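Enquirer: Take a look at what Swiss-Prot says about it:
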type	residues	note
MOD_RES	Thr2	N-acetylthreonine
BINDING	Gly39, Trp141, Asn195, Arg387	L-aspartate binding site
MOD_RES	Ser149	phosphoserine
MOD_RES	Lys259	N6-(pyridoxal phosphate)lysine
Amino acid sequence: MTSPSIFVEVPQAQPVLVFKLTADFREDPDPRKVNLGVGAYRTDDCQPWVLPVVRKVEQKIANNSSLNHEYLPILGLAEFRSCASRLALGDDSPALQEKRVGGVQSLGGTGALRIGAEFLSRWYNGTNNKNTPVYVSSPTWENHNGVFSGAGFKDIRSYHYWDATKRGLDLQGFLNDLENAPEFSIFVLHACAHNPTGTDPTPEQWKQIASVMKRRFLFPFFDSAYQGFASGNLDRDAWAVRYFVSEGFELFCAQSFSKNFGLYNERVGNLTVVAKEPDSILRVLSQMQKIVRITWSNPPAQGARIVAFTLSDPGLFKEWTGNVKTMADRILSMRSELRARLEALKTPGTWNHITEQIGMFSFTGLNPKQVEYLVNQKHIYLLPSGRINMCGLTTKNLDYVATSIHEAVTKFQ
């Protein structure tokens, strides 16, 4: 008799919701189907878009006989790390000029978050202090909870962010949570285009947030996944991070180049570290190097080369910013068109929040029954939270989606 597998007691994990949604969409034979769940840019033909500047740089790399496939340094491609941190902080950043900034190339934004979380769990607020509270917004990108718990943090809390009644930022709730958090707590902040709500604090509100965080000795860990992709303006989307640096904060900023370069499967990320003096950066990076060594050891080169080539060449950089604006403008257009159609249909409720939000996602305010109706009856795939990816909308499906939302809201109040 054969003995049972040693893995017989391993339970089946639940699928990752957003990827299951895409799998269900692909298997659906209905010709009307629309995927509003995918977290990637799509053209008006609902196709992935390789940025023209990326195509150009890929060709340059392919034709460069001096490049090879040797290991990159553990911390990554130096030119990429430098360019990425400069993009986040700005060319005129005093922190850069004073050499108190460091970067770690990572496997996407998730990898940057994980390296930062692993470092903080070992060296922040006391050695190996896994009890430091980590605050994530309510709601947030679901991976934030998993990354910090996976790094060993035992006390992950939520802070007020979304006001469902007014469909906007709950600033007072946010500030109250900052005031009541234990000193030295870690706060995960969305640099721009908050996921999933698409609602960001204004500069004045960010100043209030920073003021309380400074007084309470709270540590800002920014997640910057959409720089340039949110408003179409790189500097505007980096405003919050740069303001915190100007206020003297030490901070981490996890950067992703998946969205603004369209390099989803290249996994290009960077963890920017800002400290108070250069010596601290050297020591922090030395410890991060040890963490990277036992995580992925050395990062991949292709995506980092594409980003570094583009950001370091004035002509390519200008072309890239144009490509980014093309994507941002299409999203803004879809927001305006969807709102206009819902208001023309006199769909119950208010829909101004759709155009007031920014970035790839809109937190529609649709309830679970309305979402269930859209998925099961109308073949429009979106998350149970009501979050939709504006890139899934096109001039061809806008009328169908708007009419379907109108039906869902009318049937299920």
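Glycine is no exception: its Cβ is also placed from the backbone N, Cα and C atoms.
Keep in mind that what you see is a predicted model, and the values were worked out from it rather than measured.
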Enquirer: In whole Å, how far does the CA atom of Thr2 (N-acetylthreonine) lie from that of Trp141 (L-aspartate binding site)?
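Expert: Cα-Cα, rounded: 44 Å.
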Enquirer: Tell me, if you would, which residue among Thr2, Ser149, Asn195 (recorded positions) has the fewest other CB atoms within 10 Å in the structure shown?
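Expert: So among Thr2, Ser149, Asn195, the recorded positions given, the one with the fewest Cβ atoms within 10 Å is Thr2.
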Enquirer: Between Trp141 (L-aspartate binding site) and Ser149 (phosphoserine), how far is it from one CA atom to the other, in Å?
Expert: 14
Enquirer: A 10 Å Cβ contact count, applied to the recorded positions Gly39, Trp141, Lys259, Arg387: which residue has the minimum?
Expert: Gly39
Enquirer: Would you mind reading off the Cα separation of Arg387 (L-aspartate binding site) from Lys259 (N6-(pyridoxal phosphate)lysine), to the nearest angstrom?
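Expert: About 17 Å separate the Cα atoms of these two residues.
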Enquirer: Any idea what the Cα distance is from Gly39 (L-aspartate binding site) over to Lys259 (N6-(pyridoxal phosphate)lysine), rounded to a whole Å?
Expert: 9
Enquirer: What's the CA to CA span in angstrom from the residue listed as 'N6-(pyridoxal phosphate)lysine' over to Asn195 (L-aspartate binding site)?
Expert: 13
Enquirer: DSSP on Arg387 (L-aspartate binding site), three-state: which is it?
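Expert: Looking at the DSSP assignment, Arg387 (L-aspartate binding site) belongs to a strand.
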